[in-house]
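**Student:** Take this structure, written in C-alpha cells, and hold onto it; I'll ask about it next.
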Amino acid sequence: MHDNAPMDNDLYTVAQLRAIEQSAYAALPPGTLMRRAGEAAARFALELLGGRRDRPVLVLAGPGNNGGDALELASNLADAGIDALVLHLPGQREASDETASAHERARDGTVGFIDMLPPGGDWGLVVDGLFGIGLTRALDGQYRDLVAALDALRCPILALDVPSGLDADTGAVIGPDGIAVRATHTISFLGNKPGLHTADGRDHAGQVRVDWLGVDPAQLPSPAARLGSAELFAQRLRPRRHNTHKGIFGDVVVIGGAHGMAGAPVLAARGAMYLGAGRTFAALLDPGPGYDSVQPEIMFRPADGFEFGKRTLVVGPGMGGSAAAMRLLATALDSDSPLLLDADAITLVGASPDLLSRLAQRSAPAVLTPHPLEGARLLGTTAAAVQADRLAAAREMALRTRATVILKGSGSVIAHPDGSMVINPTGNAGLATAGSGDVLAGMCGALLAQGWPAWEAALGAAWIHGAAADLLVAHGIGPIGMTAGELPAAARAVLNMLVNETGV
Ligand SMILES: NC(=O)C1=CN([C@@H]2O[C@H](COP(=O)(O)OP(=O)(O)OC[C@H]3O[C@@H](n4cnc5c(N)ncnc54)[C@H](OP(=O)(O)O)[C@@H]3O)[C@@H](O)[C@H]2O)[C@@H](O)CC1
Ligand SMILES: Nc1ncnc2c1ncn2[C@@H]1O[C@H](COP(=O)(O)OP(=O)(O)O)[C@@H](O)[C@H]1O
Ligand SMILES: [K+]
C-alpha cells in the first residue's frame, strides 16, 4: 500500500522540475537520480505485476534520460528474475553519461533487447520510457507508430515520469493531431505535475504515484499549483448545532430560466438545497413552473421586481442573453451579496466591458464557473486555446475578473485572483451530461450562503460535486447515463460524510 504524502499534492511546472533536478543533481554523485528513478519504477512495476511475474515485461526506452530511467528499471526487473525485454529507440544525439551507463548495465545483464514490437505479445506489463519532460514536439515516425500500437494492448501500462506525448505543464497532447501514451499508471519523479491531472492528463496518466528520489523537501520551490483535497476546505466543515434555524444557513436565489429553460435554475436550486442552504428561491425571467413537484421546498418567484437583499445570488442558469437578463445581472453585480456567475451570465460579462468592470470592482465574494467555451468568451479567445493551457486560462480569468474562477471540465482548475491555483481531482465522465454544471453552481451558492469564503466555497463545491459523481459510479449509477438530477442527493451524502469524518 502506497500512502500519498501531503507534498505529493504540490504541482510543479517543467521549469521548476528542471531547477529541482539541477540542484539535486549537483549535490549527488553522478547517476544517483537515475538509479533511484529506476529503482522506484521497478518497485512499482513489481507491484503492478503482482502474481503475473511469469509474463514478460516490455520496456520502451527513448533517446533521452527518460529512456535511461527505463533501462535502469529493465536491469532491476531482470535482477528480480523478470523476463524484461527492451525496445530501445535511440535518437541522433549522443546519450547523456547516465543514460549511456544505464544502457551498458542493461547490455551487460540479462535484459533482452528487441528491434520491433512483436505482434500478439502477451505482456504482464508495458513500461513507457520513451519521453519525459524533455519532449518538445509532437511524436512522429517510429515513435508515433509505436505509441499507436500500444492502444491495442490490454495489459497495464506504466509511464515513467509522464506519459510520452503529453505536455506535463498543461495536460494537452502535444501537437495538432498529436498522440500520447495512454498509461494505466504513472510514476512522477521529483514531484507531481499539473499536466497529469487536467485536460487529457487524467486519461493518459491513469493512477499517479510520486517519487521524490530522495530530494530534500526544504530545497523545493513553492508549487505552481496544488491538487485539491478535502483538507483545503476542512476548516469550514462544521457539524450543525442543535439550537439553529433556517435563517442561519442563508438564502440562495437562483436567477435564470428564460422561456423554455426553467430546468437549469431548478437543478441549481436543488443543488443549493441539498448542500444545506436555509431557503432556496428560483427567480425566473419568464413565466415558468409555479413549483418543482420533486422538490416543492423551492420557492418560485418572477425575477423582475424580486428583492434580492443580501441573499446569495446564483446568476445565469438558463438565463439567456436578453436585455432583462443584462439588467438583472447588472443589479446582482452592484449588490453586496455573495455572487456566483454561471453560464449565460459569464457570456454576458465577456461581451460587456462595463459588466466586467462592475464585477472586478466588487468587494463581496464572487465565484465564476465557466466551461471552456464560456471561459473563451471571457478572454476573447477560442475554447481550443483555453483547453491548450487550462491553468494559464483560469489564472487570466481570475486576474481580469478579480473573482475566484472554476474552469470546468476534466480536472477543473480553480484559480484565485492572487494567482493561487488548484486542480480538482474528483469526478468522472458521468458529469459530461446536461445540467451537471447547473447543479455545481447551486452547490457553490449554498456554501457561499453558509458563509464560506469564495475560495473555499469553490474548492469545496468542485470537490464535493466530483466526489458525488464518483459515489454514484461506485453504486453502478453511471458514468454512462448518469443524470444531473441524481447529483444533489449524492453530494449531500458526501458533505455529511466529510463533516462527520473531518469536521472541526
Ligand atoms: N537529468 C536527471 O538527472 C534526471 C532525469 N530524469 C528523467 O529524465 C527525463 C528528462 O530527460 P531528458 O531531458 O533527456 O528528456 P526526455 O524526455 O528523455 O527526451 C529528450 C530526448 O528526446 C528528443 N526528442 C524530444 N522530442 C522528440 C520527438 N518528438 N521525437 C523524437 N525525439 C524527440 C530530444 O532530442 P532532440 O531531438 O530534441 O535534440 C532528447 O534526445 C525526465 O522526464 C525523467 O524521466 C530522472 O531520471 C531523474 C534524474
Ligand atoms: N469528463 C469529465 N470529467 C469530470 N468532470 C466533468 C467532465 N465533463 C464535465 N464535467 C463537469 O461537469 C460539469 C459540466 O458543466 P457544464 O459544462 O456547465 O454543463 P451544463 O451547462 O450542461 O450544466 C462541470 O462541473 C464539469 O467540471
Ligand atoms: K514516459
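Cβ coordinates are placed from backbone N, Cα and C, and glycine is handled just like the others.
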**Student:** Out of Asp122, Asp128, Asp200, Asp203, which does TrEMBL tie to the same K(+) site as Asn66, Ser164?
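**Tutor:** For K(+), TrEMBL names Asn66, Ser164; of Asp122, Asp128, Asp200, Asp203, the listed one is Asp128.
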**Student:** Lys408, Gly409, Ser410, Gly411, Ser412 bind AMP according to TrEMBL; which of Gly419, Gly430, Gly435, Gly437 goes with them?
**Tutor:** Gly437
**Student:** Tally every other Cβ atom lying within 10 Å of the Cβ atom of Gly318 ((6S)-NADPHX binding site).
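**Tutor:** Within a 10 Å radius of the Cβ of Gly318 ((6S)-NADPHX binding site) lie 28 other Cβ atoms.
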**Student:** Within the domain 'YjeF N-terminal' (17-221) only, compute the mean pLDDT.
**Tutor:** 96
**Student:** Hey, what's the Cβ neighbour count for Ile133 ((6S)-NADPHX binding site) at 10 Å?
**Tutor:** 24
**Student:** Specify the count of other C-beta atoms within 10 Å of the C-beta of Tyr143 ((6S)-NADPHX binding site).
**Tutor:** 21
**Student:** Determine the binding-site residues, out of Asn66, Thr136, Ser164, Ser412, lying near ligand 3 in the sense that the CB is under 6 Å from one of its atoms, and give them in sequence order.
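**Tutor:** Asn66, Ser164, in sequence order.
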**Student:** Around Asn66 (K(+) binding site), which of the listed binding-site residues (Ile133, Thr136, Gly318, Lys408, Gly411, Ser412) come within 10 Å, judging by Cα atoms?
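**Tutor:** Those close enough are Ile133.
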**Student:** Can you give me the residues near the recorded AMP site, meaning same chain, not Lys408, Gly409, Ser410, Gly411, Ser412, Gly437 themselves, Cβ no more than 8 Å from the center of the site's Cβ atoms?
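**Tutor:** Counting only non-site residues, the set is His371, Ile406, Leu407, Val413, Asn424, Gly427, Leu431.
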**Student:** For ligand 1, pick out the binding-site residues Asn66, Ser410, Gly411, Ser412 that have a CB under 6 angstroms away from one of its atoms.
**Tutor:** Asn66
